[in-house]
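Beneath this line is the structure, given in structure tokens, with notes to follow.
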Amino acid sequence: MNTEATHDQNEALTTGARLRNAREQLGLSQQAVAERLCLKVSTVRDIEEDKAPADLASTFLRGYIRSYARLVHIPEEELLPGLEKQAPLRAAKVAPMQSFSLGKRRKKRDGWLMTFTWLVLFVVIGLSGAWWWQDHKAQQEEITTMADQSSAELNNNQSQSVPLDTSTTTDQAMATTPTSPVDTTATNTQTPAVTAPAPAVDPQQNAVVPPSQANVDTAATPAPAATTTPDSAAPLPTDQAGVTTPAVDPNALVMNFTADCWLEVTDATGKKLFSGMQRKDGNLNLTGQAPYKLKIGAPAAVQIQYQGKPVDLSRFIRTNQVARLTLNAEQSPAQ
């Protein structure tokens, strides 16, 4: 009867209480049990108070309770029903794979990096395109402005061409005028001999004159033909005497055009030797004081010779830009 009462009383006690009572009967402290089982004192205390640490797996907790039961001489079979309540088996929480999470974060970071790279690339391409378009537009505007200026200057030159031709004609007339007095003098000298009226016949002049007196009168009378002989024999000035072959200027600038091209040439004194549009298959010969400053709208459409040597314009043709260069006395074109 006492045995059954004791058995019922043991069943009423929890697993932790039975282990604590057994420990106290053996005179062991919690520190001694913890040292023998190689556990923490807090773990032994939690077992006796029927607490299940959240950070401790149920499998380990059941193992600690069994070791504690063997230490205090309690059969494990008597504690099994209480173990199911105190330390039920729980599914272990499997932590997510660290490598997978790291790979996912790395992939996300790589995606952002790739997006940023493409964005920078698009910005660079856009800026390059905008810069090229602005440069091209500026060149076109400059060519248009130069063409307008050349047209205006060409119109001014055409309006001034008539007075220049008149002055040239006047100079030529003045050059030929000195020959007129000579011819007029000769004509006037000869005119009295031809148009002089015949004198009236005087009865006294019909008388016979002695031969000696006739000779004296003949010698004293000047011969009209003798006065005209020097004028007729004198050579008249001709235009061929005034024509001279001009010497070749060592600073001459020769240009041949294979297409329509706008051009402006200025010499060292600042004088514009030419400014305007040249047509295809045209040529231009200019002379002035070196160095020359040239501004060419289409470098590929012109071939330049200076001092008998061709001028290299390949660097302007490759870049398709308006050529600005200076030709000095040593024929070293510089931009």
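Every residue gets a Cβ built from N, Cα and C, even glycine.
Per Swiss-Prot, the listed range annotated as DNA-binding region is 30-49 (candidates: 30-49, 290-309, 310-329). Averaged over the topological domain 'Cytoplasmic' (1-111), the predicted model has a pLDDT of 76. Break the DNA-binding region (30-49) down by DSSP state and the numbers are 16 helix, 0 strand, 4 coil.
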